[in-house]
Amino acid sequence: MNELSRYERQIKQAGLRLTAPRRIILRILEQSGDHPDAAEIFQRAAKMDARISLATVYRTMKVLEETGAVERHAFQGGPARFEQADREHHDHLIDIETGAVVEFTSPRIEELQRAIAEELGYEIVDHRLELYGRKMT
């Protein structure tokens with residue numbers, strides 16, 4: 001089953017209607033290789049259906065976040081950005097000059113975090129790692 005179908009089921013299980021705007025926004029997020037903000041989602045959605053307003057995007061993103069279909073990121077100094085939830089764990093590096101968000105995974109970082117938590121008597125149940133930087137020249 002494709003990702004869109006899984007998210008459609010999740011929305012229906014939450015007792016919500018799967019409206020055309022919600023379907024379009026889920027499709028945009030599914031096909032997105034970046035972490036769009038609401039304005040970027042609106043621009044992409046408006047190309048698919050001119051009846052979708054920015055207010056519709058904001059309302060839909062709130063609903064999708066509440067159902068757990070999308071994850072909201074409030075990267076420092078920028079607008080909230082979104083991505084589909086329940087993806088494989090990854091961390092983010094944010095370019096402070098361009099705002100680009102780079103996803104990465106590092107087993108070394110994950111192991112170090114686990115070891116630090118263990119030394120302090122904790123077990124990690126969840127975490128987010130955001131690195132902020134600029135391209136080296």
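In case you wondered, yes, glycine gets a Cβ from its N, Cα and C as well.
Given the structure is predicted, the values throughout are model-derived calculations rather than measurements.
Per TrEMBL, Fe cation binding site is recorded for H89, D91, E110, H127.
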For the Fe cation site built from H89, D91, E110, H127, further residues of that chain with CB within 8 A of the site's CB center: H90, T105, I109, Q113, R128, L129
CB within-chain contacts under 8 A for H89 (Fe cation binding site), separation at least 6: T105, E110
DSSP three-state assignment for H127 (Fe cation binding site): coil
